[in-house]
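Let me begin by presenting the structure, written as structure tokens, before commenting on it.
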Amino acid sequence: MSKVKGSPGLCFVEDRRSNNRKRSSSAMAETHSLQDLRQAAVTSKVFVQRDYTSGTICKFQTKFPAELESRMDKQQFEETIQTLNNLYAEAEKLGGRSYLEGCLACLTAYTIFLCMETHYEKVLKKIAKYIQEQNEKIYAPLGLLLTDPIERGLRVVEITIFEDRSIGSR
Amino acid sequence: MKNCEYQQIDPRALGTSNTRTSTTLPCGRKNSQRLRRKWEVFPGNNRFYCDGRVMMGRQCGVLPLTIGLIFITSGLFFTFDCPFLVDRLTVFIPVIGGVLFVFVIMTLLQTSFTDPGILPRALPDEAVDIERQIDNSGSASYRPPPRTKEILINDQVVKLKYCFTCKMFRPPRTSHCSMCDNCVERFDHHCPWVGNCVGKRNYRFFYAFIVSLSFLTSFIFGCVITHLTLRSQGVNGIIQAIQDSPASVAELVICFFSIWSILGLSGFHTYLVASNLTTNEDIKGSWSSKRGEESGNPYTYNNIFTNCCVVLCGPIPPSLIDRRGFLPPDDAPQTVTSDTELPPFMSKNDANMGTKELLQSMALSTVIQSTCTPGTPKTAPVTQESLLRTVSITVSPPNRPPSTGCSGHQAQRPIDVSCSQKGNKRSAHHTHKPMLRVSSPPYSLSHSPLILSDGPDMGFIPLN
């Protein structure tokens, strides 16, 4: 997988595309619902905005949007957002490790970033994986799709609502 | 009128995005048309090199001068002063000088070439969503619409402003740089000496640069004085010494004038780092108590050591603009600015991000600035003009603020005055430079027409 320094962009996505195809048949049931989404029409999009009450750290509002009320469980949504918030907090955590990384980088005139992946980037990969997992297991069967916030500049969590053919209408 | 404007955005934005111009290739056929990378369609005022790996501001400012001065002074030092000093004193002098020189150059280049923390612009559907919430929030008689919202951070009221260019509410400490035409997180200032903004991601490089540069200039200054002193003791006095080594005088002059400003700047930034402030906030006096109310910096940790660690050694978030990602081949340009400005984007409405319930829970500031010129003046078809503006002005809403500030040419920020900058306004209409973010997760991209098949009346900008 090509390492795109910084946020995972389309490059990363294109590599995932081939990974998707190689998925085992045991996951076919899950991908089946995603493939259904392919043909579904987008009904609307909901944007979960950032919560700045704790400062500039990356945190999203856990308030359940009204548009999703008919589609999914409030608890589930809050749990997803809360997990995301926790992951971002972990990425931005100030502690011994991040300071060590910073000092080491300073001593090497920051050239170490050329060869080493930062802690933040590692957590972002974890977040991407988590979102993928959530989409497969929970959101796609409900006709929803989460977009990784890093693809929106960490401004919003975009939830795309698809026309729910299985239930009949939206 | 508001409804009218709001609805106008959708068809217009859809109209531009649905026109598949030249890139009407299916996914597989990459051979006949090169896939473009996102940096090529970046809407901000930046230059990219090495296929998107390196970026800097549009006007490189006096960066060549900065580099030239450093190279020339150091070169003269190593060529003319070091041999004498190595003979008389110690070989460590050029070693120390060399280490400092390398450190200065590397941190300078990193400051110039790193993304300072640019926030990508909101996509049209996000902008539409915000507007819808703005429309929903106000009553019919609600005139004029607010453009800020207030939030509480650590029990401090902080105003978030709406950026008309980037179509989003700026996060706290974010400011829009008029020179680069980008919102930059933790915006410090735009430095012409470095040719780039100084923001969250490159502040530590900038700080390392000015501190190491102060050491370097002080070191060279000290060594040159020592050299001339030793030389003048030897033979015929100071005049002969100067004649023997004229380069030293040049170095003396350069160092003497640089030291004042560089040392002062280092001191100033050390103060900022210790109190977890940005130049922007300090100049505007955002947290000073003269505003009448008891306000302090809500971001400080109230401990100098912690503040320093956080600012200088905290984690660096990765670049949010994904310069090197590829655009999907069937993409029509998606722009926030040009699409949504063609209709008179008069709705300078600020509102809460959330739903009405959130509205009630948050204190809305109804600061009305409706007298400002409409829409996003920055992206209005303005011919390029030079503006002198202070750093603080860049924070105000991006409608053509009055050009105030220093009349100085390109002084790097002297201690008491903010950075004076020359800005060139770019007419945005000439570049429908879209910045496309991948708006759908991987799965959907693997089946690319996912959103393409969207009906155009859905109110979204499909990823074409």
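Including glycine, each Cβ sits where the backbone N, Cα and C put it.
From a predicted model like this one, the values you see are computed outputs, not experimental measurements.
Residues or ranges marked as compositional bias 'Basic residues' in TrEMBL: B:423-435.
Annotation source TrEMBL lists domain 'Palmitoyltransferase DHHC' at B:159-284.
According to TrEMBL, the feature region 'Disordered' maps to B:419-445.
Annotation comment: TrEMBL describes B:62-80 (among others) as transmembrane segment. Counting residues 6+ beyond its ends, the transmembrane segment (B:62-80) has Cβ neighbours under 8 Å at 56, 94, 97-98, 101, 104-105, 108, 112, 192-195, 213, 216-217, 220, 223-224, 245, 247-248, 250-251, 254-255, 258, 410 in the same chain.
What TrEMBL records for B:92-109 (among others) is transmembrane segment.
Within its own chain, the transmembrane segment (B:205-230) has Cβ neighbours under 8 Å at 70, 73-74, 77, 81, 84-85, 88-89, 93, 96-97, 100-101, 103-104, 107-108, 110-111, 114, 188, 191, 194, 198, 238, 241-242, 245, 248, 251-252, 255-256, 258-259, 262-263, 265-266, 269-270, 273, 311-312, counting only residues six or more beyond its boundaries. Look at TrEMBL and you will find B:205-230 (among others) tagged as transmembrane segment.
For B:250-274 (among others), the entry in TrEMBL reads transmembrane segment.
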Exercise. Could you give the number of helix, strand and coil residues in the domain 'Palmitoyltransferase DHHC' (B:159-284) as assigned by DSSP?
Worked result: 75 helix, 19 strand, 32 coil
